[in-house]
Amino acid sequence: MATAAAASNKFESFFETTLEDADPEIFGAIRNELGRQRHEIELIASENIVSRAVLEAQGSIMTNKYAEGYPGKRYYGGCQFVDVAEELAIERAKKLFGCNFANVQPNSGSQMNQAVFLALLQPGDTFMGLDLNSGGHLTHGSPVNMSGKWFKVVSYGVRKEDHLLDMDAIEKTAHETKPKLILAGGTAYSRIWDWKRFREIADAVGAYLMVDMAHIAGLVAGGVHPSPLPHAHVVTTTTHKSLRGPRGGMILCNDEDIAKKMNSAVFPGLQGGPLMHVIAAKAVAFGEALKPSFKVYAESVAANAKALASSLKETGLDIVSGGTDNHLMLVDLRPKNATGKRAEAALGRANITCNKNGIPFDPEKPFVTSGVRLGTPAGTTRGFGQAEFREIGKLIAEVLDGLKIANSDEGNAAVEAAVKAKVVALTDRFPLYPYLG
């Protein structure tokens, strides 16, 4: 009896011991990260803040279940309830974006794009993608990425005079190189994409049109940016960023044959068992995005971006392409004699989080850069409006002006401390996850 009682107590401990007691080091890191998120202004364009419901789904017992395959066609038993979660995620994604097919299993943005390449291309095939220096992504053909190693990549870019896509030049290049696939979309392009023109170019050369809308999916869902689904053969998107869900990816399309190829490419082509706790959280996020309040959110994200860009321009900074039509902007720091590396560090010391980013035709090295990329999704989720983002623009300028005076990597401690105090006062007005204590 004593042995049985001891065994029972051991298992009770396993199931009931809190993270704080079981692993104080990880618990401490999580609490510190919560404090950072609460007291810093998050301007990284690819980041957002999920709801309590999404957190609960992602932290659920769904993490225990293996479910190789697809709903109704699994290689494991006991999948009847995870099937419900995945089917809900699929149906909600289809409704949200008005498409016929959705694969919600990709674990990341890189994997969703790899799946499309696996489905539609052969090694050595030619595809076109936006150059990294013009706002593209590593998976759009960068030579250091699989996409640039396995395929012949023809990059297109923006015009030097206005930093906008030159559709005539893209069309000319497509006719000259005859790509099998044209990839539209990017991570640092702040203007509206002309999906219709891209499809016309693709059709003229017999290419697939693939759109990576990872950054703007939330704006598409909210009706703020035109949808690529009526035009593209296949669309990929992450489920976080402006869509405000858990970190992951998905693939959307309207053609049944392409959908079958995508499903085979994801599983068994690239992945094994899907992350069912993440898929459950995706379903929750898609359900949130289907509510009328999400349209208001998306509209606010875009309006706040315009307010921030306008405020920054008033302080003497340049915005690449002159402004923004979506959630992000590239800020040219050269008017303040700053580099992206120095600015990111100085702003970080003032509790403003962003990332250094190259600008088109940047003379600086990739780890230095002449710019920073800023975005409004996380701040908008928190409750910031246009007034707050105009204030944030001024705070950024204060830090950069102090940095210009100091002219060193160490920055201007007095200015940064003063701005940090203002940032904390602002964030305290918009509490984050108060139920966590």
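Heads up, the Cβ atoms here are built off N, Cα and C, so glycines get one too.
Under the heading (6S)-5,6,7,8-tetrahydrofolate binding site, Swiss-Prot lists LEU132, GLY136, HIS137, LEU138. Residues or ranges marked as N6-(pyridoxal phosphate)lysine in Swiss-Prot: LYS241. The site 'Plays an important role in substrate specificity' annotation in Swiss-Prot covers HIS240.
Mapped onto this structure are the features recorded in Swiss-Prot.
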residue : record                                                  : DSSP (3 states)
LEU132  : (6S)-5,6,7,8-tetrahydrofolate binding site              : helix
HIS137  : (6S)-5,6,7,8-tetrahydrofolate binding site              : coil
HIS240  : site 'Plays an important role in substrate specificity' : coil
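Taking the C-alpha positions, the distance from HIS240 (site 'Plays an important role in substrate specificity') to HIS137 ((6S)-5,6,7,8-tetrahydrofolate binding site) comes to 16 Å. Other Cβ atoms within 10 Å of the Cβ of LEU138 ((6S)-5,6,7,8-tetrahydrofolate binding site) number 17 in total over all chains. Neighbour density for GLY136 ((6S)-5,6,7,8-tetrahydrofolate binding site): within 10 A of its CB lie 24 other CB atoms from the protein chains shown. Taking the mean position of the Cβ atoms of LEU132, GLY136, HIS137, LEU138 as the (6S)-5,6,7,8-tetrahydrofolate site, the remaining same-chain residues with a Cβ inside 8 Å of that point are GLY129, LEU130, ASP131, THR139, HIS140, GLY141, SER142, ASN145, GLY186, THR187.
Within the same chain, the residues at least 6 positions away from LEU132 ((6S)-5,6,7,8-tetrahydrofolate binding site) whose Cβ sits under 8 Å from its Cβ are LEU138, HIS140, SER142, GLY358, listed in sequence order.
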